[in-house]
Amino acid sequence: MLATIDTVFTALASPTRRELLRLLREEGQLPVQQLADHFAMRRPSISEHLKVLKDAGLVSERKRGRQRYYYLEAAPLHEIQEWLAPYEQFWRERFVSLDKLLAEEDHD
(Lines of atoms letter the chains of each structure in order from A; the text may use other names.)
(Lines give C-alpha, C1' and ligand atoms only; values in the text may rest on other atoms or scores of the structure.)
Protein backbone atom coordinates (compact mmCIF):
# COMPACT_ATOMS: atom_id res chain seq x y z
CA MET A 1 0.00 0.00 0.00
CA LEU A 2 2.79 2.50 0.82
CA ALA A 3 4.40 2.04 -2.58
CA THR A 4 1.07 2.94 -4.17
CA ILE A 5 0.71 5.99 -1.93
CA ASP A 6 4.27 7.06 -2.76
CA THR A 7 3.50 6.71 -6.47
CA VAL A 8 0.30 8.72 -6.08
CA PHE A 9 2.03 11.49 -4.11
CA THR A 10 4.75 11.64 -6.77
CA ALA A 11 2.12 11.93 -9.50
CA LEU A 12 0.29 14.65 -7.57
CA ALA A 13 3.50 16.67 -7.11
CA SER A 14 3.14 18.18 -10.59
CA PRO A 15 0.81 21.19 -11.02
CA THR A 16 0.14 20.07 -14.59
CA ARG A 17 -1.00 16.63 -13.45
CA ARG A 18 -3.19 18.13 -10.72
CA GLU A 19 -4.79 20.36 -13.35
CA LEU A 20 -5.37 17.34 -15.60
CA LEU A 21 -7.13 15.61 -12.70
CA ARG A 22 -9.26 18.71 -12.08
CA LEU A 23 -10.29 18.83 -15.72
CA LEU A 24 -11.23 15.15 -15.72
CA ARG A 25 -13.14 15.56 -12.46
CA GLU A 26 -15.14 18.49 -13.83
CA GLU A 27 -15.55 17.42 -17.46
CA GLY A 28 -15.62 13.63 -17.25
CA GLN A 29 -13.98 11.58 -20.00
CA LEU A 30 -11.84 13.63 -22.37
CA PRO A 31 -9.58 12.78 -25.32
CA VAL A 32 -5.89 13.68 -25.14
CA GLN A 33 -6.20 16.53 -27.65
CA GLN A 34 -9.00 18.20 -25.71
CA LEU A 35 -6.92 17.94 -22.52
CA ALA A 36 -3.88 19.32 -24.34
CA ASP A 37 -5.88 22.34 -25.52
CA HIS A 38 -5.91 23.60 -21.90
CA PHE A 39 -2.12 23.80 -21.68
CA ALA A 40 0.72 25.67 -23.34
CA MET A 41 2.50 22.43 -24.17
CA ARG A 42 2.40 19.91 -26.94
CA ARG A 43 0.27 16.80 -26.99
CA PRO A 44 3.22 14.39 -26.43
CA SER A 45 4.05 16.22 -23.18
CA ILE A 46 0.46 15.88 -22.00
CA SER A 47 0.56 12.19 -22.93
CA GLU A 48 3.64 11.77 -20.72
CA HIS A 49 1.81 13.39 -17.80
CA LEU A 50 -1.19 11.15 -18.42
CA LYS A 51 1.08 8.10 -18.39
CA VAL A 52 2.37 9.07 -14.92
CA LEU A 53 -1.22 9.51 -13.73
CA LYS A 54 -2.20 6.18 -15.27
CA ASP A 55 0.78 4.38 -13.68
CA ALA A 56 -0.33 5.79 -10.31
CA GLY A 57 -3.86 4.49 -10.93
CA LEU A 58 -5.32 8.01 -10.91
CA VAL A 59 -6.68 7.83 -14.46
CA SER A 60 -7.71 5.12 -16.88
CA GLU A 61 -7.97 5.25 -20.63
CA ARG A 62 -10.49 3.90 -23.09
CA LYS A 63 -9.98 3.75 -26.84
CA ARG A 64 -12.80 4.88 -29.09
CA GLY A 65 -11.83 4.58 -32.70
CA ARG A 66 -8.51 6.36 -33.10
CA GLN A 67 -8.83 8.45 -29.95
CA ARG A 68 -7.91 7.64 -26.37
CA TYR A 69 -10.26 9.00 -23.75
CA TYR A 70 -9.07 9.48 -20.18
CA TYR A 71 -11.19 9.46 -17.04
CA LEU A 72 -10.57 9.89 -13.34
CA GLU A 73 -10.11 6.93 -10.99
CA ALA A 74 -10.94 7.86 -7.39
CA ALA A 75 -9.61 4.79 -5.53
CA PRO A 76 -6.00 6.03 -5.07
CA LEU A 77 -7.27 9.35 -3.74
CA HIS A 78 -9.44 7.46 -1.26
CA GLU A 79 -6.34 5.56 -0.06
CA ILE A 80 -4.54 8.85 0.52
CA GLN A 81 -7.55 10.24 2.35
CA GLU A 82 -7.52 7.19 4.64
CA TRP A 83 -3.78 7.63 5.23
CA LEU A 84 -4.27 11.32 6.10
CA ALA A 85 -7.28 10.77 8.40
CA PRO A 86 -5.26 10.20 11.62
CA TYR A 87 -3.33 13.42 10.99
CA GLU A 88 -6.55 15.30 10.41
CA GLN A 89 -7.89 13.93 13.70
CA PHE A 90 -4.66 14.92 15.47
CA TRP A 91 -4.97 18.53 14.32
CA ARG A 92 -8.70 18.66 14.99
CA GLU A 93 -8.02 17.65 18.62
CA ARG A 94 -5.26 20.26 18.88
CA PHE A 95 -7.57 23.01 17.66
CA VAL A 96 -10.30 21.96 20.11
CA SER A 97 -7.75 22.17 22.93
CA LEU A 98 -6.63 25.59 21.70
CA ASP A 99 -10.24 26.81 21.55
CA LYS A 100 -10.78 25.65 25.14
CA LEU A 101 -7.60 27.37 26.30
CA LEU A 102 -8.54 30.62 24.59
CA ALA A 103 -12.06 30.47 26.03
CA GLU A 104 -10.60 30.02 29.53
CA GLU A 105 -8.31 33.02 29.04
CA ASP A 106 -11.27 35.16 27.91
CA HIS A 107 -13.06 34.37 31.18
CA ASP A 108 -10.05 35.34 33.32
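Keep in mind that glycine also has a Cβ here, set from the backbone N, Cα and C atoms.
Any TrEMBL annotation is an automated prediction that lacks curation.
Per TrEMBL, these features apply:
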DOMAIN    1-92  domain 'HTH arsR-type'
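Over the domain 'HTH arsR-type' (1-92), the average per-residue pLDDT in this prediction is 93. With DSSP classes pooled into helix, strand and coil, the tally for the domain 'HTH arsR-type' (1-92) is 60 helix, 14 strand, 18 coil.
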